[in-house]
Each structure stands twice: as structure tokens, then as C-alpha cells.
Amino acid sequence: MNYFKLTSIAILAMAAAVPARFASDQSAANYDPSWVLASVNGTQHYFHRANGKIMLSDDIVAYPSSTRVLSSQTQAQVAKAMTRSTQEDYDEIVDVTVQVWPSSTLTYAINNDLPSDQQAAVQSAVKRWNDSKASWNSNIAQWDGKVAYRFVPAPQGKDPMVLFVRSEDTNCSANLGKPGSASDGPAKVYIPSTGCRTGSVLHEMGHIVGLTHVHQRLDRNNFIKINKKAFDYLKEKHPSFYPNMVANYRRLSLNHGNPFSFDEQSLMMYHPYAAATADIADELVKQKLPFYTHYDGSEIVKVNTEYLTDRDMFLIKRKSMFRFWPAVNIKPR
Ligand SMILES: [Zn+2]
């Protein structure tokens with residue numbers, strides 16, 4: 001009950017912050033015709049490559065230690081394979097194991113190669129994260145509602161756990177959870193030369209603590225309906241982006257699951273028109289072709305692109321609690 005009241009207040013507060021165009025820095029702009037066939041958690045999938053990084057999803061960068069590349073693929077090969085595997089639906093499932101961080105404090109550093117305005121956006125995202133507090137009482141035992149994991153500057157001379165770095169990509173991206181091996185180096189948030197909005201940096205920090213996308217939830221088909229017409233349109237008019245969008249809508253099966261109800265205002269849910277470029281997003285808006293709708297076909301109005309929602313914070317708290325039971329990280333197959 002409270003939630004709905006608070007949501008409407010939040011919607012009013014955030015309406016002014018909604019960008020005119022569709023958050024292209026939170027969408028599939030990492031276009032690169034290079035793909036790989038790789039094994040993750042024992043199963044094989046096609047993954048898009050962006051400047052040498054293997055993308056688990058649109059803006060989620062796989063750790064090298066968790067991904068075994070089997071072969072390079074051309075986009076034409078992938079497009080053909082994806083067309084066949086997605087004729088019926090867009091429901092390929094990728095198993096993903098997220099490692100949780102062992103401590104509730106994450107040290108971070110910002111690379112000097114980031115321009116000062118982008119360093120400031122990172123600092124304000126860190127502040128917004130650390131100030132976040134759930135407004136709901138929950139049944140999570142002994143929880144004060146403060147967001148789990150505090151980001152604090154790494155002490156001088158010490159390696160940070162999380163590093164904000166400049167990248168050659170066209171959108172913001174980040175690793176998922178804790179690195180699987182020391183060889184991965186620190187977890188990274190990648191900032192393109194065009195910068196990231198504060199809300200986008202916060203979204204990437206969500207990936208760092210192990211959150212994935214709400215529209216890629218394993219049970220998302222109980223709540224939203226994937227709009228085949230939008231994919232068909234893309235396949236016909238923008239075939240070079242089609243495989244990217246299919247890969248971005250795969251479902252992710254996570255070792256920690258997600259017991260909370262579907263949250264369409266989550267910071268981790270994309271706008272239904274979020275597409276490869278702002279131009280394509282505008283085109284889809286004109287054609288009234290969202291990538292997904294409510295299950296009954298009605299439009300999903302996404303107003304929050306700036307703040308962690310209560311349910312985002314519940315899920316972060318739940319993930320942080322797994323650090324007390326490291327065995328939960330092991331997913332038997
Ligand atoms: Zn993301």
C-alpha cells in the first residue's frame with residue numbers, strides 16, 4: 001500500500017528528470033559486428049563483443065575468468081542462428097553465476113583519464129547510492145532499510161575493488177558482481193567519451209553488486225509480453241542491430257534467483273523502446289512498436305531512470321546476505 005503512495009510521489013518528483021530521448025546510454029548502443037561463441041557456466045551461447053569485451057547482455061561485461069571463448073563469429077552467422085532460434089519466442093536462457101562481494105564496504109577509485117565533469121557524475125552517483133534508503137518496512141530480518149554495500153574511496157596505495165574507467169564504447173557498461181578470479185583485476189564500470197548520466201552510473205553500480213535486468217528475469221513472461229512485431233520490424237529495417245536486440249532480451253537464470261515481485265520501475269529495467277540508437281528508438285516510438293508491453297498489451301510507462309527503487313534495494317540486501325553463506329554461490333549442474 002505504502003509503496004503505491006510513495007511511487008506516485010516519486011513519479012511526480014522524477015517526471016522532470018525523464019530525458020526527452022530514450023536513455024540511449026542505457027540501451028544497446030555498443031554496436032560492433034564482432035561476436036563470439038562462448039561457454040558460460042557450461043552452456044554455449046553467442047555473445048556480442050564490444051572493443052574486446054564480451055557482453056553477457058547489452059551493458060553487462062563478462063569477466064574473462066568466467067567465459068571461455070570457443071570461436072569468433074561473423075554477424076551474418078549469428079543473425080542466421082538467432083533468426084532460427086527466436087522464430088517462436090525470444091526466450092533463450094543463459095545461466096549466470098553471480099559471485100557476491102565478501103564485505104559490505106566496496107572501495108572504489110576513479111581513473112584520472114575521466115574528464116572532470118564525468119568524475120563529478122560518478123561522485124554524485126556514489127553519493128546517491130550511499131544515501132539510498134528503502135521506504136518500505138520489510139520482513140528482511142534486522143534490516144534498517146539502508147542500501148547494502150557502501151562505496152568508499154580506496155585508501156592511498158591500495159588497489160580498489162571497483163574502478164571507474166574510460167572506454168571506447170558508445171554506452172555505459174559494467175561487470176557483474178565480484179570478479180571470479182584475481183586475474184580479472186578490479187570490477188569495472190566503463191564510461192564512454194560521451195559520459196553517463198548519474199542515473200546510468202547508478203544502474204551500472206547495480207550490476208557491480210550483482211543485479212541484472214528486470215526485463216531479463218527468468219519469470220518475466222508472467223508479467224510482460226515480448227512484442228514480436230518490434231523484433232520483426234528491426235530484422236527487416238535494421239538487420240545489423242537485430243542480433244544485438246535479441247541477445248539483449250534473453251532470459252538470465254541466476255544462482256541467487258529473485259523472489260521479489262516484478263518491478264517495472266526498477267532502475268534495472270529498460271525503457272520499452274530502448275534500442276540500439278536513439279534514432280531507432282524514435283522510429284519505434286513513431287511506429288508504436290515497443291519491445292514489450294504489459295501482459296494485456298497495455299503500454300508500460302517507464303518514469304524512473306534515476307533512482308534505486310525499494311525492490312532494487314531489497315534485492316541488493318538479499319544478495320549481500322549471501323556473503324554469509326558462500327556455498328550458495330556454487331551452482332551445481
Ligand atoms: Zn544494464
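Glycine is treated like the rest: Cβ placed from N, Cα and C.
Since the structure is predicted, the reported quantities are computational estimates derived from the model, not experimental observations.
Per TrEMBL, the feature signal peptide maps to 1-23.
TrEMBL lists 91-333 with the feature domain 'Peptidase M12A'. The average per-residue pLDDT of the prediction over the domain 'Peptidase M12A' (91-333) is 91, rounded to a whole number.
If you look up TrEMBL, you'll see His203, His207, His213 marked as Zn(2+) binding site.
Summarising the annotation, TrEMBL assigns active site to Glu204. For the recorded site, Glu204 (active site), the DSSP three-state label reads helix.
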Which listed residue (His203, His207, His213) has most other Cβ within 10 Å, given these are binding-site residues: His203
Rounded to the nearest Å - Cα separation of Glu204 (active site) and His213 (Zn(2+) binding site): 11
